[in-house]
Amino acid sequence: MGSDVMTQVGRNLRNLWIWAGVSGGLLLWAAGVQAAPYAAYVMDARTGQVLYSKNADARLHPASLTKMLTLYICFDAIQRGEISLDTVVTVSREAAAQPPSHLGLRAGQKIKLRYLIRAAAVKSANDAAWAIADAISGNVTEFAKRMNATAKKLGLRDSHFENPNGLTLAGHLSSARDMAILGRHLFYDFPQYYNIFSRRSTYAGVAEVYSTNRKFLNSYAGADGIKTGYTYASGFNLVASARRGGKRIIAAEFGGSSVANRNAKMAQLLDLGFKRAPAHVAVQRPKKPNLDRIAAMYTIHPKATRIALAHDRASAVALASSPRPSRRPVAAPPKALMVAMKDDISSALSSMAVANAADVKDSPAAPTPAEAAAVPIKAALPDADRTDIGTSGRPNMPPPLRPAALGGASLGATAQAASPTPAPDHQTPAVAAQTATADQTEVVKPIVAVASAETGRVHKVRATDPAEAPSGPAVADAAAPLPRPTDSGGVLFASIAPRDVPRPEARPVVVTRMSSTGGRNWGVNVGRFASQFQAEKALLRTALAESSALSDGQRKVVRRPNGFDANFMGLTQDQAALACARLQARDIQCFALAP
């Protein structure tokens, strides 16, 4: 009897201890969940204005919110051509060994990158995020370095990452503020991929997966993303974005006690944001960081390393200051002024010609300017036959303006003594025939100067044949035919110095395309596009944006298995580096193409 009582007492005590242990464990578990610090941050997505903040800079466990940065890096790698959505990824043992939530990938399994992205974004699959890191950087260690370098460029000042999926590790921390900023960058930097965070379900290559955030997306009006997170150490985390009217709010929450508690508090945060945000405000997009060198350092894809090469060379040839602008063209003189100057010049020339004619009449032994100027050239042509050249009945044309004439110098001031040669008053039949022939031919004839004895004017006429040119006067080449003067009786021949003949101005040579030889075997790539039209459009838009750096480049679209590359070819190495530096300063993707 006594033994039965003692046995019953022992059983009761044992049960009591069991219940005490279970109750204590439950209390500790609940305390652990509640002990996760709470933090919140609300911003106007249009401007980045802070609308609410509580413990927002505390460094806490982000859990699967980490996958937002993993996907940001993946989208950037796709955009720069390191990898594509159709790249087939081989699942590593480490990726296959990741705990739930997971897609159930097996080591050695092959799957396209697009399905890994869907699984990581929608289902928050840890194995998919790990496989993405392997595909881009080769291993998680290198990918974590790229994550931290990218986070610094994005301005995530309180964040440090050790893995791509957010499982709890020492030092793997972030803040509500940083996660809200990251969510805003995802929305504005990669709008073409943002819609994946809005999906309630999607096909991930091996199975249909369902969103871990579908309850909130279905319950809150205007919600369209973006990511949940949970571990025992972090509590229930959420970054959400919603739009109502013209307003868009992004909020981050850390440390929720349950899914229901987290969703309820997030709804309150978004309501507060919509209440405080101004109705009308100019959108100020966040500046997308230049990640070229980071991508080149932490990637297994050789194409990305060319970007760093272009960046380094561009720093060597970058301009210290902008070039001095060209002088603006000067306006042409008014037409009335030009007419007045022409009249004055004509009057001065007429007066000089009359004065010279009077000198010739008064002093018959004085040499004429034509004969004096012909002396040196006559010595050079001793065997030339002398032929009298008549004039045709064409209108009288004034001589071209010369600076010496404006100075008032006498036409005979520098002439040497020579015997005057009288000119015939009529044309010989031979000369008339030659003149008629010359009028019909297109061959350019030599030009001689003819001075009228009556007016003293000097006219230019064309010789009929160089072999029959007079021995006294000099014959000068002409670039264009000139009208013949009228027959005014006796004439005097005068040579025209070569410097008096107007030379045709050199015309600019228009080069439509530079050669791709002689060192011009470099190029730059400004992106890969889904169609040839999009690639050509991007080339034209880029050429207009940076015409100076790409003026020598040839626009070329290259078809690839996964798209169309938009390239500028035919550049030197320095030109390619400089072009990439300037395009990257405009937030335009660019990397140099080595020969």
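Cβ from N, Cα, C; glycine included.
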Next item on the list: Could you check which of 1-21, 442-462, 463-483 is flagged in TrEMBL as region 'Disordered'?
Entry: 463-483
Margin query: Please report the Cα separation of K67 (active site, proton acceptor) and S124 (active site) in Å, rounded to an integer.
Written below: 8
Check: At the level of the C-alpha atoms, what whole-angstrom distance separates S124 (active site) and K227 (substrate binding site)?
Finding: 8
Note to self: Looking only at the domain 'Peptidase S11 D-alanyl-D-alanine carboxypeptidase A N-terminal' (38-255), what is the model's average confidence as pLDDT?
What the structure shows: 96
Next item on the list: Would you identify the secondary structure of S124 (active site) according to DSSP, in three states?
Entry: coil
Next item on the list: Would you mind listing, in sequence order, the residues at least six apart from S64 (active site, acyl-ester intermediate) in the same chain with a Cβ closer than 8 Å to its Cβ?
Entry: S101, S124, N126, N165, G166, T212, K227, T228, G229, Y230, T231, N237
Next item on the list: Within 10 Å of each Cβ, count the other Cβ atoms, then let me know which of the recorded positions K67, K227 comes out lowest.
Entry: K67
